[in-house]
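Each remark here refers to the structure printed beneath this line.
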Amino acid sequence: MRVPIAVVGPTATGKSELGLALAEHLDGEIVNIDAMQLYRGMDIGTAKLPVAERRGIPHHQLDVLDVTETASVATYQRNAAADVEAILARGRTPVIVGGSMMYVQALLDDWEFPATDPAVRAKWERLLATEGVAAVHAALRAADPAAAATILPTDGRRMVRALEVVELTGKPFAASAPRIGTPRWGTIILGVDRDTAELDERIARRTALMFDSGLVAEVRGLVERGLREGVTARRAIGYAHVLAYLDNEYDLEHAKERTLIGTRRYVRRQRSWFRRDPRVRWLDGADPGLVTTALALLGDAAAAPATTERTTQ
């Protein structure tokens, strides 16, 4: 019986490469679980694998939103779960790859989301609109310090949602999250990490490569498609900083530095989140035998070799 495999962990550790290798070995299909890779056209700054590098393996939950649309954890959960179940029904192995923390938990733990109240939400949205993300972050820090430490300080929408839940339930935002138990579908969760110094160097190289590969031009093109109006997309690491550069808030070198610092901070949050989950089986992304080690950890789930002819998606 096939079970899904999840490959999670911090940014730039090598999750995508391992996910591809496992999908090849397990006759699998990839389900993306990186929130910013949901967006069409956000390719360079999210390190999205080009189609030519996907080895003919079908990928799901990539390029499903326009930059003007708002990403929703609940919507992702519903759509990605349908993808996982369809892959299983085809007799293939879902390989879930990415590092967006709440998206991972929502999918694998079947998170039931609290109700919403338009009046309460509108109050916090007014604060966001009139005083900005710093004021919303301060309010969240006062109401729920743990949530404020977990949610990206520039993610106004998610902070508004957290404040709404705290006000409606009288409990911390995390209290609405599922308890950690057996993952949905019996998913086996692999985590990929690297030595901190090595990962910092990889992030620096990747950030430089993004700018050298045309991130500024990509953002300019997305502005023409409505990026500035996008509630979620415009706040993505790198994209927000290039927008600030285009608005003459600072120069290009400062945009690069802010992108690098933002990525490193995000990595620390990812590490803290995933390391708390005892179900994750950790792997060293620098291990030359990474794929072999991962397959050994998977045990019986990796016993059936790939046999189905692939079609490029």
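If you go along the chain as it appears here, the first residue is 1 and each next one adds 1.
The backbone N, Cα and C atoms fix where each Cβ goes, glycine too.
These figures come from a predicted structure and were not determined experimentally.
Pulled from Swiss-Prot, these are the features on record:
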type	residues	note
BINDING	Gly9, Pro10, Thr11, Ala12, Thr13, Gly14, Lys15, Ser16	ATP binding site
BINDING	Thr11, Ala12, Thr13, Gly14, Lys15, Ser16	substrate binding site
SITE	Ser100	site 'Interaction with substrate tRNA'
SITE	Arg121	site 'Interaction with substrate tRNA'
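For the pair formed by Ala12 (ATP binding site) and Ser100 (site 'Interaction with substrate tRNA'), distance between Cα atoms is given as 13 Å, rounded to the nearest Å. All protein chains considered, the CB of Thr13 (ATP binding site) has 27 other CB atoms within 10 Å. Of the listed binding-site residues Pro10, Gly14, the Cβ environment within 10 Å is emptiest of other Cβ atoms at Gly14.
The two recorded residues Gly9 (ATP binding site) and Arg121 (site 'Interaction with substrate tRNA') have their Cα atoms spaced 31 Å from each other. Counting other Cβ atoms within 10 Å of each Cβ, the recorded positions Thr11, Ser16, Ser100, Arg121 show the lowest value at Arg121.
A helical conformation is recorded for Arg121 (site 'Interaction with substrate tRNA') in the three-state DSSP classification. Checking each of the recorded positions (Thr11, Thr13, Gly14, Lys15, Ser16, Arg121) against Ser100 (site 'Interaction with substrate tRNA'), the C-alpha distance stays within 10 Å for Thr11. On the backbone, the CA of Thr13 (ATP binding site) and the CA of Arg121 (site 'Interaction with substrate tRNA') stand 36 Å apart. Cα to Cα, Thr11 (ATP binding site) and Arg121 (site 'Interaction with substrate tRNA') are separated by 31 Å.
Separating the Cα atoms of Gly14 (ATP binding site) and Arg121 (site 'Interaction with substrate tRNA') is a whole-number distance of 38 Å. Reported as a whole number, the C-alpha separation between Arg121 (site 'Interaction with substrate tRNA') and Pro10 (ATP binding site) equals 31 Å.
Apart from the site residues Thr11, Ala12, Thr13, Gly14, Lys15, Ser16, the chain places the Cβ of Gly9, Pro10, Glu17, Gly99, Val192, Gly285 no farther than 8 Å from the centroid of the site's Cβ atoms, the recorded substrate location.
Neighbour density for Lys15 (ATP binding site): within 10 A of its CB lie 25 other CB atoms from the protein chains shown.
In the three-state DSSP reading, Ser100 (site 'Interaction with substrate tRNA') counts as coil. For the recorded ATP site, residues Gly9, Pro10, Thr11, Ala12, Thr13, Gly14, Lys15, Ser16 set the reference point as the centre of their Cβ atoms, and the other residues of that chain within 8 Å of it by Cβ are Gly99, Val192, Asp193, Arg194, Gly285.
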